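A quick write-up on the structure given underneath.
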Amino acid sequence: MNRPLGIIGAGAWGTALAIAAGHAGHPVRLWGRDTAAVQAMARDRVNRRNLPDCPLPDPVQPQPDLTALVAECDDLLLVVPSRAFESMLHTLAPLIERRHRLGWATKGLDAASGGLLSQVVQRVLKPLPPLAVLSGPSFAAEVGRGLPTAVTVAATDQGFASDLADAFRYERFRVYTSTDLVGVQLGGAVKNVLAIATGVADGLGFGANARAALITRGLAETRRLSEALGADPDTLTGLAGMGDLILTCTDDQSRNRRLGLALGRGEDLDEAVEAIGTVEGVRTADELHRLATQAGVEMPICEQVHLRLAGRVSTREAVENLLLRPGGRQEQ
């Protein structure tokens with residue numbers, strides 16, 4: 001890609017990815033909804049709100065005009081919360097031309113249908129551009145500080161996957177390519193729900209054994225769903241599956257894990273969310289419940305998280321429901 005990469009979404013994750021691409025020497029245009037904040041980034045060369053200790057490399061140019069960004073860039077990467085994903089697509093739809101290719105680094109599911117974000121794109125954009133999704137074990141603050149990170153890019157077009165990987169790849173940010181959009185999307189979405197579950201177990205003081213069991217059984221649940229939806233089950237043993245799951249379930253930088261910890265300690269759900277901020281797993285739990293039900297896939301850990309967040313069981317009841325389940329055959 002000789003033209004700049006357009007990153008749409010200037011939160012912590014969008015800014016971190018812009019920094020990574022900048023360190024890779026690739027020109028970037030970075031847009032955010034808050035025009036004043038984007039102008040401040042252009043002036044101060046730092047995102048003071050989200051990544052105050054991570055200066056922007058020279059190739060990164062904040063752009064407050066979305067129309068100008070889309071006109072200048074052939075390749076676009078959406079990095080917005082899942083709740084804003086569809087509305088952002090509708091904003092982009094009249095601006096996208098045949099030359100454009102569209103990727104996203106949003107982790108979650110469609111709020112309207114419980115389906116994959118790729119299905120939202122297929123519903124909104126006509127004709128459909130080449131698509132890609134970037135996912136993997138990656139906290140924004142660590143990427144922004146240049147700490148070693150590895151992620152996966154899955155795309156409908158191998159050329160797009162390679163170009164997007166090249167835009168980000170440098171010695172501190174490794175990018176692997178895939179063709180499995182379904183598996184990569186599921187890994188990034190389901191892990192947020194499972195991180196709440198492992199946080200609850202740790203908040204209750206259940207220990208390392210229980211945490212390991214939840215991670216392992218949670219991976220099996222994700223694998224069952226991915227197979228039902230036509231994904232490659234091996235994707236879930238890679239960065240976008242197991243890698244992201246382990247990171248999110250074991251490190252307190254994860255907001256989803258921190259919410260689980262709070263619930264395990266007996267704190268109020270609404271108060272915990274208000275204190276932590278946006279917790280993607282809260283929305284995803286309900287969406288995942290619908291997706292698994294439609295696919296006819298049993299996901300007991302994710303189901304208990306859904307029931308707890310919906311207020312239909314207490315934290316203690318959710319845990320007991322899992323502990324009282326009969327044992328079965330070990331699944332791959």
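Quick reminder: no glycine exception, Cβ is built from N, Cα and C everywhere.
Taken from Swiss-Prot, the feature active site, proton acceptor applies to Lys191. The Cβ of Lys191 (active site, proton acceptor) lies under 8 Å from the Cβ of Lys107, Gly218, Thr222, Gly241, Asp244, Leu245, Thr248, Cys249, each of which sits 6+ residues away along the same chain.
The NADPH binding site annotation in Swiss-Prot covers Trp13, Arg33, Lys107, Ala140, Arg255, Glu280. The 10 Å shell around the Cβ of Ala140 (NADPH binding site) contains 21 further Cβ atoms across the protein chains shown.
Positions annotated as sn-glycerol 3-phosphate binding site by Swiss-Prot, on the basis of sequence analysis: Lys107, Gly136, Ser138, Lys191, Asp244, Ser254, Arg255, Asn256.
In this structure the alpha carbons, written CA, of Asn256 (sn-glycerol 3-phosphate binding site) and Glu280 (NADPH binding site) are 7 Å apart. Here Ser138 (sn-glycerol 3-phosphate binding site) is positioned 23 angstrom away from Arg33 (NADPH binding site), judged by their C-alpha atoms. Cα separation, Glu280 (NADPH binding site) to Ser254 (sn-glycerol 3-phosphate binding site), rounded: 10 Å. When Cα-Cα distances from Trp13 (NADPH binding site) are compared across the binding-site residues Gly136, Ser138, Ser254, the shortest belongs to Ser138.
Shown in sequence order, Thr149, Ala150, Val151, Thr152, Gly188, Leu239, Ala240, Gly243, Asp244 are the residues of the chain, 6+ apart in sequence, with a C-beta less than 8 angstroms from the C-beta of Gly136 (sn-glycerol 3-phosphate binding site). Of the residues the record lists as binding sn-glycerol 3-phosphate, namely Lys107, Gly136, Ser138, Lys191, Asp244, Ser254, Arg255, Asn256, the two whose Cα atoms sit farthest apart are 16 Å from each other.
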